[in-house]
């Protein structure tokens, strides 16, 4: 109990610290005083203030929300299919979103309609569409069969990835290729105040919803039969998880591209800290995911200014060693 | 035993080299068709059996150069991106990306010209193994283009034609330059792509063109890549006077709708958004003077 509270406070504090650090990194020279005056005495004519409030802050918030979303959804997926190798993209969200974005980048539809930049919109549609097909394929006798769902997800992802590959190969311009490569490795560069509310709202609602479902989630880890014997509506719980994961991951991927590894590792980190069935695991998992993404974004911009390394590269670089450490740590167990 | 074998072979090679050295010192004019040794802009050494008579280029800019200098019958192919001059369409097509090795061999070129960055070095090595040398040029300034043209003239035995061309081009550049040396330098940003934002960096010919026009590249920082990726914040800080990359409508649709924050930059506020011809901008070709005139029209309307 004490320990849990401590972790929450620590995570929150670190998020604040990293955000304050992140606010200082950029092309304009800004010190703590400038940050402070931009936040509390905003002057719309000052371009430095403008950059801090309209470019840096939404970017950090998007990183926070997307990191939290992916970690949270990873946790849900691992609980649902009862397997520590699951991640939020198993439903085909990432490949579907890529297909949607690529369709726009390669000019099958215009880039903008009435001032609305379409790649994220199509990415969202693609993510939902592919997820829907995967769910239909994983559906038997009025319920979701996890093993079948996994296979359907993998198969469909491969198919969609092949389609993206075909478009990429047939591309007639280097610029379009760059867009696709850049998109596929993830970025928060497009973040704006207009964009951040969507993934933030999706995540908030999901967190609220699962405040009531945490117990079911833990019992699900015991296996389908025992969960049923304990009075859990397994089928219903799975539907809630599926719906949540597809919407929350969809928004995360559509706004930032398919960023890997966060959804896989952070749930393990959380369980390593609080145990596999700790109360508040989901919330802490989201916090750590957000913190991790903020750190990765900060690093990417410090290592390779000004554009920053693609965020997916950083998450893998720093995530994988940690993951390996976790695998070899003796007292870590997926279910207990 | 492999050790001894290698030693013997090494000794044999050494002998051969020594003999060849002696031969080359004592009888330089003996062979009627002397092998031609060229060193290209990347410092690669190429050996040609004779003066090249069948050539083409993997880069569209060099195809333009070849047409400006050579007897057109010595140009034997075009690539899918070649579109200038019109006459180039009469030549057989060969794919340069990916390289269609078989088609290249069918065409039997004596030499292929290309530009650094257009053709990967391993492709050049492969072609070399197949008996087709590849000659690279690289350019950093407008003057480099002219020396490149003269280079081609020398290799192909067309010194006079290339010299005439570069003399007149140099003269035109000088007269353009003379017109703009007293102007307050405008800071110009040229984007090549909007998502992510890629721009013409400091070490591109574009920077030199602007210098000739009495203006400057808004990107002063030198990046490793000729066309670096920038962030919105970087562009906001650059705050260029002029933005090149599309008509106002095009930029509004592709650039400013994606980055509405950048509507604050001077170029947008003062409506100085222009669309240069893509090929004139990107090709280091003899049409560089045409490119300069186009840019001059934008900078001094």
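Heads up, the Cβ atoms here are built off N, Cα and C, so glycines get one too.
In TrEMBL, the feature transmembrane segment is placed on A:195-213, out of the ranges A:195-213, A:214-232, A:233-251, A:252-270. Listed ranges A:20-42, A:89-111; the one TrEMBL annotates as transmembrane segment is A:89-111. The stretch in A:89-111, A:149-170, A:281-303 that contributes the largest number of Cβ pairs under 8 Å to the transmembrane segment (A:309-328) is A:281-303. The stretches the transmembrane segment (A:89-111) and the transmembrane segment (A:195-213) do not meet in space: the count of Cβ pairs below 8 angstroms, excluding pairs fewer than 6 apart in sequence, stays at fewer than three.
Residues 81, 83, 86, 89-92, 94-96, 98-99, 102-103, 106, 130, 133-135, 137-138, 177, 180 of the same chain, all 6+ positions outside the transmembrane segment (A:149-170), place their C-beta atoms under 8 angstroms from a C-beta of that stretch. Same-chain residues lying 6+ beyond the ends of the transmembrane segment (A:117-137) with a Cβ under 8 Å from its Cβ atoms: 91-101, 103-105, 109-111, 144, 148-149, 152-153, 155-157, 160, 183, 190, 195, 242, 246, 249-251, 253-255. Counting same-chain residues at least six beyond the ends of the transmembrane segment (A:56-77), those with a Cβ under 8 angstroms from any Cβ of the stretch are 15, 19, 22-23, 25-26, 86-88, 90-91, 188-189, 191-193, 195-196, 199-200, 202-203, 206-207, 210, 217, 241, 244-245, 248-249, 251-252, 255-256, 259, 262-267, 270, 281-282, 285-294, 296-297, 311.
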